[in-house]
């Protein structure tokens, strides 16, 4: 069997010929899907420096150095007893303004020595005078005091007492004319006399009449009442021929609209005479 590939020539490879590797052609991906490629590492130089940092509770939560575990891992360099948190100067209560009070201000605020001495001397003198007055009053109180009065002076004193005074009678003037003129005396006389009209009271008028009451007839005539009611009903409707155009009954009844009930007994009605 003949080989048809012999017509193409010698297929033996030449050892001197350099065979180039095939070039891989990569097609550009236009898909919007995320590729399975790890994200690039953050560049700290490109980070925004003016970015506001969280504060408050959010800052405490994001602080990675805070926490009990991190604090326990740190070494305590100084003891809490050796270092004082509040270090103040020995002259903390002293004024550092450099201003001092004058002697006049000191004397006005705390008192002058000379004035204090004079005030003490005056107080001692007042105390000695009060002691002398108290001693004199005690001596006078020790001596008995007797009031001597004569009998006439005692009687006059009792008579002048307000409880022993005799009430004086009221003086009454007996001149009747003088009293009458004093009552009629008027500073401004009336120019016009007003006439007062007296109104008469209205009297009530009573109407008297005798009324007699009699028991009504207990027996009722139902037959007449039924007949009258039927007649009245026929008169109002115009009878059986009213629907057919017979208005003769209505014409006769319209002339006499008031009908007298003859079944009423007049003797049973009360009399107004």
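Any Cβ shown, glycine's included, is placed from N, Cα and C.
The annotation region 'Disordered' is assigned in Swiss-Prot to 1-153 (among others).
Here Swiss-Prot flags 2 as N-acetylserine. Within the same chain, no residue at least six positions away from residue 2 (N-acetylserine) has a Cβ under 8 Å of its Cβ.
Residues or ranges marked as phosphoserine by Swiss-Prot: 32 (among others). The Cβ of residue 32 (phosphoserine) lies under 8 Å from the Cβ of no residue that sits 6+ residues away along the same chain. Under the DSSP three-state reduction, residue 32 (phosphoserine) is assigned to coil, being neither helix nor strand.
Here Swiss-Prot flags 41 (among others) as phosphoserine. DSSP assigns residue 41 (phosphoserine) to coil in the three-state reduction, placing it in neither a helix nor a strand. When Cβ atoms from all protein chains are considered, those within 10 Å of residue 41 (phosphoserine) total 6, not counting its own.
Per Swiss-Prot, the feature phosphoserine maps to 45 (among others); the stated evidence is experimental evidence. In this chain, no residue six or more apart from residue 45 (phosphoserine) has a CB-CB distance below 8 Å.
Look at Swiss-Prot and you will find 55 (among others) tagged as phosphoserine, backed by a large-scale study or a structure entry. The number of other CB atoms found within 10 A of the CB of residue 55 (phosphoserine), across every protein chain shown, is 8.
According to Swiss-Prot, the feature phosphoserine maps to 55 (among others). Mapped onto three states, the DSSP output places residue 55 (phosphoserine) in coil.
Annotation comment: Swiss-Prot describes 73 (among others) as phosphoserine. In the three-state DSSP scheme, residue 73 (phosphoserine) is classed as helix.
Per Swiss-Prot, phosphoserine is recorded for 118 (among others), and the stated evidence type is a large-scale study or a structure entry. Around the Cβ of residue 118 (phosphoserine), the same chain contributes no residue under 8 angstroms that is 6 or more positions distant in sequence.
Annotation source Swiss-Prot lists phosphothreonine at 181 (among others), citing experimental evidence.
Per Swiss-Prot, the feature phosphothreonine maps to 218 (among others); the stated evidence is experimental evidence.
Residues or ranges marked as region 'Disordered' in Swiss-Prot: 219-273 (among others).
What Swiss-Prot records for 229 (among others) is phosphoserine, and it gives a large-scale study or a structure entry as the kind of evidence.
According to Swiss-Prot, the compositional bias 'Polar residues' annotation covers 258-273.
The Cβ of residue 73 (phosphoserine) has no same-chain neighbour under 8 Å that is 6 or more residues away in sequence.
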